[in-house]
Amino acid sequence: MTGATPENRTAPSPPPVKHVPESVLPAKPPKRNNYAFACAILASMTSILLGYDIGVMSGAMIYIKRDLKINDLQIGILAGSLNIYSLIGSCAAGRTSDWIGRRYTIVLAGAIFFAGAILMGLSPNYAFLMFGRFIAGIGVGYALMIAPVYTAEVSPASSRGFLNSFPEVFINAGIMLGYVSNLAFSNLPLKVGWRLMLGIGAVPSVILAIGVLAMPESPRWLVMQGRLGDAKRVLDKTSDSPTEATLRLEDIKHAAGIPADCHDDVVQVSRRNSHGEGVWRELLIRPTPAVRRVMIAAIGIHFFQQASGIDAVVLFSPRIFKTAGLKTDHQQLLATVAVGVVKTSFILVATFLLDRIGRRPLLLTSVGGMVLSLAALGTSLTIIDQSEKKVMWAVVVAIATVMTYVATFSIGAGPITWVYSSEIFPLRLRSQGSSMGVVVNRVTSGVISISFLPMSKAMTTGGAFYLFGGIATVAWVFFYTFLPETQGRMLEDMDELFSGFRWRDSKSKPKGNPEKTVPNPEVEIGSNKQWKEGDTQSS
């Protein structure tokens, strides 16, 4: 047994630069790794749980309000409370996933959400319904944190952006399923329809829990447990080439503080390092400048993703369409299905652009489109609200700009938030750092969801969307200033990237020796560019 006891706060000095012969370089971009693709799909299916709840609640609220005779404040609390409850799961998920592994944490998320969905479907009153949402919220919190972390850790570098956008793809798929469920059960008796809408959400959680058992464990988690042999076998299956698998294993061992010359199948790893003691101190109390910048970037991108109002649009789209002039429940639910179709279609487009265009250009373009859409939506709703007669062109603009808003969100801000925040944290901080980002995401979403109806009454619905547009404008400036491009970077290279980033340098070149040869020609993140022997990177 070979022991390794690294300091928790200070990363080991970089290993000697590897000089890779040209003979090992692939002649063309690697083909998609189908095994890693399947693993990413199974892990990301956890996000269906949140998406379904958001989508189904948007329509179920109409019937819950009538059946249980509750007011708008109670409806807002019902809609937004799941996000607040999810904090428990998100806060616990980092430690849980380091303890039992990423895979069994996903199973746990599915089991908890299953119980919550059954309780909601059987709810006799408002209090019992809130209890069911409390249980489901914990499951959602676990799912939101663990899916992007697992996917980032199992994915080959050439397609990590593509694969790590899958959680957002499945959130959108879940929203779409929720909208369709609303439409399908809307004609049932009042007391039955909304309960079926909520209770049937237990079905995907069962499928998820069974499917996840076929997944391998994260290779990074295996290394943190000292199981190098198991990690190597997983990397051999999920990498684009044997050379990449070897180099990925060396990088992970280096980050975990395991000597490069250690080749045992099982080694002793410091318990403090593998289970997170000291991590919170490094994240919150005494962070290095690089870690501080990573924290600002991760928390900022999660905050602005939700503060720009996406969950208000998705949750309250029937109410928005009613304000825009669609009067019947059927018309409103059909329009929400259209929102789901647009949102899902554009997220699929985004998955193919992430590794071609890069995170930063796509994010800035997306948020710019959101600003324009929110301004037009706020203007059209204000005109409708102030006019005594129906202004048909304003109705058309309002409906169209809801669609353009969710489209521009889905092509950038939606998927990139999860991709970016899951790949920028160093290995030793990844679980806890990612869980903090999810906490901020869910708190912001909960506040927006709970306050949207009171805010709409206080400043009109159009005024609320002007406010969201202003926040999105601030978000664009923040992203331009503080978020470097991570395309073309190894996961273990993020410390160097954030140590040297300056906002004027959009290419985010790292500091270093200009004579330094790129150490890993096959694992450039999200890029098909291949480095030849002797190529250099300078600051």
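Each residue's number is its place along the chain shown, starting with 1.
Quick reminder: no glycine exception, Cβ is built from N, Cα and C everywhere.
What Swiss-Prot annotates here:
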COMPBIAS  1-11  compositional bias 'Polar residues'
COMPBIAS  503-514  compositional bias 'Basic and acidic residues'
COMPBIAS  530-539  compositional bias 'Basic and acidic residues'
REGION    1-24  region 'Disordered'
REGION    503-539  region 'Disordered'
TRANSMEM  37-57  transmembrane segment
TRANSMEM  73-93  transmembrane segment
TRANSMEM  104-124  transmembrane segment
TRANSMEM  127-147  transmembrane segment
TRANSMEM  165-185  transmembrane segment
TRANSMEM  196-216  transmembrane segment
TRANSMEM  296-316  transmembrane segment
TRANSMEM  333-353  transmembrane segment
TRANSMEM  364-384  transmembrane segment
TRANSMEM  391-411  transmembrane segment
TRANSMEM  433-453  transmembrane segment
TRANSMEM  463-483  transmembrane segment
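Distant neighbours of the transmembrane segment (73-93): 50, 53, 57, 61, 64-65, 105, 109, 112, 126, 129-130, 133-134, 136-146, 311, 315-316, 431, 435, 438-439, 442-443, 445-454; these residues of the same chain sit at least 6 beyond its ends, with a Cβ under 8 Å from one of its Cβ atoms. Outside the transmembrane segment (433-453) by six or more residues, the chain places 72-73, 75-77, 79-84, 86-87, 90-91, 93-94, 141, 144-145, 148-149, 283, 294-295, 298-299, 301-303, 305-307, 309, 311-312, 315-316, 319, 417, 421-422, 425, 464 with a CB less than 8 A from a CB of the stretch. Two recorded stretches are said to be in contact when at least 3 C-beta pairs lie under 8 angstroms, sequence spacing 6 or more; the transmembrane segment (333-353) and the transmembrane segment (165-185) meet this definition. Among the stretches 37-57, 104-124, 127-147, 296-316, 463-483, the one making the largest number of Cβ pairs under 8 Å with the transmembrane segment (364-384) is 463-483. In this chain, the transmembrane segment (37-57) lies in contact with the transmembrane segment (104-124); the count of Cβ pairs under 8 Å, excluding pairs fewer than 6 apart in sequence, is at least 3.
Distant neighbours of the transmembrane segment (463-483): 293, 296-297, 300-301, 304, 307-309, 312, 359-360, 363-364, 367-368, 370-371, 374-375, 377-378, 381-382, 413, 420, 452, 455-456, 503; these residues of the same chain sit at least 6 beyond its ends, with a Cβ under 8 Å from one of its Cβ atoms.
Counting residues 6+ beyond its ends, the transmembrane segment (196-216) has Cβ neighbours under 8 Å at 39, 42-43, 45-46, 48-49, 52-53, 56-57, 59-60, 63, 103, 106-107, 110-111, 113-114, 117-118, 120-123, 132, 136, 139, 154, 174, 177-178, 181-182, 185, 188, 234, 237-238 in the same chain.
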